[in-house]
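Student: Features from TrEMBL:
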DOMAIN    B:6-168  domain 'FeoB-type G'
BINDING   B:13-20, B:38-42, B:59-62  GTP binding site
BINDING   B:ASN24, B:ALA25, B:THR27, B:GLY28  Mg(2+) binding site
TRANSMEM  B:223-244  transmembrane segment
TRANSMEM  B:250-267  transmembrane segment
TRANSMEM  B:279-303  transmembrane segment
TRANSMEM  B:323-346  transmembrane segment
TRANSMEM  B:358-383  transmembrane segment
TRANSMEM  B:389-409  transmembrane segment
TRANSMEM  B:451-472  transmembrane segment
TRANSMEM  B:484-508  transmembrane segment
TRANSMEM  B:544-564  transmembrane segment
TRANSMEM  B:576-596  transmembrane segment
Amino acid sequence: MITTLNLISTEEAAIIQEITTDHVTKERLESLGLISGVDIVFVRKSPFGTTRIYKCLNTLVALRNDIAEKIRVEVPDESK
Amino acid sequence: MNRNEDINVVLVGNPNTGKTSLLNALTGMSLHVGNWPGKTVEKKAGNITYKNTKFTIVDLPGTYSITPYSEEEKVSHDYLMNQIHDVIVQTIDVNALERNLLMTMELLALGKKIILAFNFNLEAQRRGIRIDVPEIHEVLQIPIVVIEANKGENKEELLDEILRVAQEEFEVPSYLKEMLKENNEIHHDKSIEFFKEKLKPYYLIEKTIQRTERIDGIILNKYTAFPIFFAVIFLMFQVTFTLSGPMISAIRYIFDLMGVGIGFLKLPGLLTSFLSEELIGGLGSVLSFTPLIFLLFLMIALLEDSGYLGRTVILVDPFFEKLGITGRTFIPMILGFGCNVPVIMATRTIKDRRERMIAILTNSFISCGARLPVYLLFAGLFFSKYAGYIVMFLYITGILIAFIASLILSKLLKNQTQNSLIIELPPYRKPSVKNILKHAWYHTKEFIKKAGTIIFCSVLVVWVLASLPAGVDYGSAESLLGHLGYLISSLFIPLGFGHWTFSVALIFGIASKEIIVGTLGTLYGVGQDALISDIPMHITPLGALSFMFFVLLYIPCMATIAMIRQESGSWKYTVFQPLATIVVAWIVSFFVYHMGHLFGFN
């Protein structure tokens with residue numbers, strides 16, 4: 001299933017597909033390890049829910065939701 | 001044996017990989033901290049002599065990439081491209097090896113000799129990560145030294161390796177070719193692929209739930225996050241400002257005594273006043289800052305090195321988002337309640353230049369401790385029962401104005417990128433006492449060097465104005481300063497404090513806010529106690545209220561302006577900030593005074 005990073009649920013693993021931010025922001029995200037093909041897990045929300053913390057390449061990265069919604073991810077189907 | 005040629009080493013690495021610890025371990029006390037020329041990015045460098053060779057070690061800012069977008073990345077990139085260096089040492093947090101290697105590939109693409117310093121190996125062991133260093137070395141074809149930077153372990157091995165590599169030819173590893181784009185930049189996804197295919201077998205993560213995530217479960221929990229947050233902030237304030245208070249008083253007292261001592265030397269009047277007011281007074285006001293700055297940087301280093309600073313950013317971020325900035329502004333902003341001067345240096349923790357400039361320019365609206373005596377005197381005198389509320393109201397106004405100014409500036413200063421928050425939350429780690437003390441000490445030293453001269457000069461200017469023409473009483477109506485006071489006092493008539501003494505006190509206040517009350521005392525020729533009976537002869541209660549608002553908002557002290565110059569790297573901002581604050585102060589005081597009239601106060 002293809003969705004955006006802000007929509008995956010806690011402890012759910014996904015694979016980054018595409019980053020649709022502006023170029024400079026994309027470079028920044030990539031240097032932090034948010035690169036297409038990389039596994040990413042949603043760890044927790046901040047208390048007010050405006051930022052989300054993700055784990056990727058064994059590091060924790062916090063993103064505001066407006067960035068997370070510009071990162072397309074694939075959540076592998078586990079049903080079968 | 002002949003002395004070998006010097007070796008220039010550049011230290012690079014991601015933030016939180018122990019780069020500063022390694023630098024401290026390698027260079028010892030030779031380390032010096034400053035800014036990159038023409039830049040507002042911190043530069044650290046030091047040297048060491050080992051096996052008859054002098055190593056000069058330059059520390060580049062901690063960045064995730066050397067693609068030149070942010071100011072810090074530009075500094076790194078330009079240095080690596082243009083400055084002579086023999087070997088690059090990259091500190092690697094082995095807990096995040098894959099991420100760290102992204103930058104390694106960028107460095108290799110520059111065609112530079114590089115050594116990897118694998119750090120935090122013990123932590124990785126505890127976290128259940130198994131790393132086969134020899135195999136990784138085999139694959140990467142880059143020298144690797146396993147260190148433990150906090151303890152200074154294996155630094156000789158690292159230096160030996162640097163010596164060896166410096167004399168060797170460099171060969172670009174063959175695997176790099178496939179990762180390069182046409183412009184010689186690295187395809188990050190190819191770099192990740194390479195790791196997955198070639199290195200994964202030698203890098204196994206066995207545990208999934210980590211200590212840091214468990215701690216975050218408490219630190220960022222809906223119910224416990226804010227109680228912990230407020231406790232930490234409270235403690236930080238207590239340590240910084242309560243502990244520094246007595247030390248500052250002691251320093252002031254010693255210098256006051258010296259000033260009095262000069263009086264007994266029976267030197268000519270002008271010389272006496274020069275020695276006691278300018279030399280001793282100036283030195284005293286520079287040095288009296290030092291305990292505060294030292295403690296403040298100690299606390300910030302503690303917050304940063306423990307990993308908590310990043311968490312505070314996301315806790316308060318929703319609020320700052322509405323102002324067009326991020327939660328990174330919060331810690332510097334609240335520390336301004338103590339003193340704006342070190343805070344402007346401390347904005348270095350804000351990595352975004354635009355946001356950092358906003359923090360620098362608006363911080364003086366946060367009412368620092370030096371302004372409190374003015375409020376206490378005037379509020380106590382005119383609004384006895386409500387004094388507490390008045391003071392609180394002033395503080396809140398300061399915060400509000402800082403917010404409004406941030407909002408306006410965030411609209412004026414545009415970024416080419418989306419303004420949002422992207423921040424790594426590093427693992428919680430026990431800070432090293434040695435590193436924190438060093439950090440605080442270097443910044444204190446830097447402050448004395450940089451701000452010292454400017455404070456000294458401003459005290460000198462005030463002294464000259466207050467002492468000339470020869471023979472007048474220091475700062476009296478007949479002195480140049482007194483005349484200047486008369487001249488500008490008409491500007492303050494619409495604000496309700498048009499008497500010349502207030503103008504003179506405000507001019508003195510530019511040198512330092514602490515002396516405003518003392519100046520009024522001197523001008524009326526009375527001590528602190530008699531001030532209470534003299535002041536009401538020259539100002540109405542409403543005028544006093546307006547005066548307090550003016551003191552809250554007008555030009556910051558010279559030390560703050562000096563730091564604005566240094567940290568913004570821009571004369572434009574350094575001139576703009578004081579002028580803008582005067583205008584804001586005038587408008588707000590005017591508003592307060594006339595609204596007061598409308599409501600029938602006077």
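The backbone N, Cα and C atoms fix where each Cβ goes, glycine too.
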Student: With every protein chain in view, what's the tally of Cβ atoms within 10 Å of the Cβ of B:PRO61 (GTP binding site), excluding that atom itself?
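Tutor: If we count other Cβ atoms within 10 Å of B:PRO61 (GTP binding site), we arrive at 24.
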Student: Rank aside, I only need the closest one: which of the binding-site residues B:GLY13, B:ASN16, B:LYS19, B:GLU42, B:PRO61 has its C-alpha nearest to that of B:GLY28 (Mg(2+) binding site)?
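Tutor: Result for B:GLY28 (Mg(2+) binding site): the nearest of the binding-site residues is B:LYS19.
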Student: If we count other C-beta atoms within 10 Å, could you say which of the binding-site residues B:ALA25, B:GLU42 has the fewest?
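Tutor: Counting other Cβ atoms within 10 Å of each of the binding-site residues B:ALA25, B:GLU42 gives the minimum at B:GLU42.
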Student: Indicate the candidate from B:ASN16, B:THR27 with the smallest number of other Cβ atoms within 10 Å of its Cβ, considering only these binding-site residues.
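Tutor: Comparing Cβ neighbours within 10 Å for the binding-site residues B:ASN16, B:THR27, B:THR27 has the fewest.
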Student: Any chance the transmembrane segment (B:451-472) and the transmembrane segment (B:544-564) are in contact, meaning at least three CB pairs closer than 8 A with a sequence separation of 6+?
Tutor: yes
Student: Determine, from DSSP, whether B:PRO61 (GTP binding site) sits in helix, strand or coil.
Tutor: coil
Student: Per the 3+ Cβ pairs under 8 Å rule, pairs at least 6 apart in sequence, do the transmembrane segment (B:484-508) and the transmembrane segment (B:576-596) touch?
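Tutor: Taking Cβ pairs at least 6 residues apart, the transmembrane segment (B:576-596) and the transmembrane segment (B:484-508) are in contact, with 3 or more under 8 Å.
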Student: Between B:GLY13, B:LYS19, B:ASN24, B:GLY28, which of the binding-site residues has the fewest other CB atoms within 10 angstroms in the structure shown?
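Tutor: So among B:GLY13, B:LYS19, B:ASN24, B:GLY28, the binding-site residues given, the one with the fewest Cβ atoms within 10 Å is B:GLY28.
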Student: Using a Cβ cut-off of under 8 Å, list the residues of the same chain at least 6 residues beyond the transmembrane segment (B:323-346) that approach it.
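Tutor: Same-chain residues near the transmembrane segment (B:323-346) but 6 or more away: 233, 237, 240-241, 289, 292-293, 296-297, 300, 303, 309, 312-317, 352, 355, 358-360, 362-364, 366-370, 395, 402-403, 406-407, 410-411, 419-421, 423, 443, 446-447, 451, 556-557, 559-560, 563-564, 566-567.
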Student: For the transmembrane segment (B:576-596), I need the partner stretch with the highest count of C-beta pairs below 8 angstroms, choosing only from B:223-244, B:358-383, B:389-409.
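Tutor: Going through each listed stretch, the top one turns out to be B:358-383.
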